[in-house]
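Sequence annotations record features per position, and here TrEMBL assigns active site, nucleophile to C382. The S-adenosyl-L-methionine binding site feature in TrEMBL is assigned to C260, S261, A262, P263, G264, G265, K266, D284, D311, D329. What TrEMBL lists as domain 'SAM-dependent MTase RsmB/NOP-type' is 170-442.
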Amino acid sequence: MNAREIALKIINDVHTNDAYANVSLTRELRKHEVSDQDRRFVTELVYGCVKAGDSLDWILSQYINRPIKKIAPIIQDVLRLGIYQIFFMDKVPESAACNQSVELAKKYGHIGTVKFVNAVLRNAVRQPEKAVYPNGKGQATKYAALAYNHPEWLVKRWIKEFGYDMAVKLCEFNNTNAALSIRTNTLKTNRSDLMNILSAEQVVCYESEWTPEGLVCQSHPAMDQIKSLTEGLFQVQDESSMLVAHVLDPQPGEFIIDTCSAPGGKTTHIAALMQNKGRVLATDIYEHKLKRVNENAERLGIQIIQTELLDATQIGDVYEQQADRVLVDAPCSGLGVLRRKPDARWKKSPALLVELPKLQIEILKSAAKAVKPGGVLVYSTCTIAKEENQTVVNLFLADHPEFELEQTGQFLPYAKQKTTMVQLLPHIAGTDGFFIARMKRK
């Protein structure tokens, strides 16, 4: 099976079975022995096609005389794969894009579909000017959605909230590749020494401007080839996510609860800041996710983390006023991490921003019950939607006068934001989009 066929299989899995692109990609690449060059090619094809989504379908609509949904799903993806190579991959010869797509049509279609695929793609090569996105009066939102590969409803929302130019910059940032950022495990080493160790392992990195433990990697070999990772010298974690434990400010000897804790990046960071002294309770509703927390804790040499299968909405009833500090890293729409998940933007809907805040407030109210008098409650998400962030916190505070909002700046000397509630916008911060609020029980 060649690289294009592997990519086709993955893309079709995403579109037909609602699979996650990264999961399907990892699984298929493990099945097939491919060169590093082909691995990169498959990855670019998959992520590029999935990310381009509606844009590819709009381009295709200019060259076919029927709704694309009436074409067999596998042939839809053959066409998308071909169109992506023709319009978005300068290094791929147009002839190769056409010929290889026709070969795929032969394998997965019939003589009629072979002729159809050949005609559509040859026509696209001959008449590329037909693929110009609509940009007339009143079409600014549609143009931005197609040109920058985002759902139209989301672009419309961001234009209303941030203005057209900022919305476009946000979309552009979401289309970039996220650099690998890692957190030094301060229980085993320090940032300076880790940089030297990583350099010897062919990892090129620089110090994060956001946290004292963070490093951003410019280039690196495959993760399973980095010995210092398996030795527990660092944890893969985005820079913005590293801010959360600092805002929580856990102290050695305390009892901390981390709700919705998997996969354990923030949990293990909390334990490291506590110098491996005290107790950290990590809860989640999925056993397989708690297993990942335990695996990470063991790799990092942490002994103070205890995991418990527990619904976050029940935390307060089980641990009423027992915790010194509680972290609620709430389930959210994930609109701040779209660059990391190319298919995620197409799986979101406006309904999420109505339903999720109800759950978030319920979890926050339960978690608040677990906080001791004088204790701390931190609420965080990886979204940039106000409905899930500032609105949730304000509604909670209006209902819970025993809690007061605290300034976060004193806990983030390295960070660039000194506001009461931290809201990182990806295209401005250069990190994942993130929200953090710190509250204290009086």
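In case you wondered, yes, glycine gets a Cβ from its N, Cα and C as well.
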### Query
What binding-site residues among C260, A262, G264, K266, D311 are found with a C-alpha within 10 angstroms of that of C382 (active site, nucleophile)?
none
### Message
Sequence gap of 6 or more, Cβ distance under 8 Å: name the residues on the same chain that satisfy this around D311 (S-adenosyl-L-methionine binding site), in order along the sequence.
### Response
I285
## Note on the structure
Taking every pair from C260, S261, A262, P263, G264, G265, K266, D284, D311, D329 (the record's S-adenosyl-L-methionine binders), the biggest C-alpha distance in Å rounds to 19
### Task
Look up C382 (active site, nucleophile) in the DSSP assignment and reduce it to helix, strand or coil.
coil
### Task
Among all chains shown, work out which of the recorded positions C260, A262, G264, K266, C382 has the most CB atoms within 10 A of its CB.
G264
### Query
According to DSSP, which of helix, strand or coil covers K266 (S-adenosyl-L-methionine binding site)?
helix
### Message
Restricting to the domain 'SAM-dependent MTase RsmB/NOP-type' (170-442), what is the model's mean pLDDT?
### Response
95
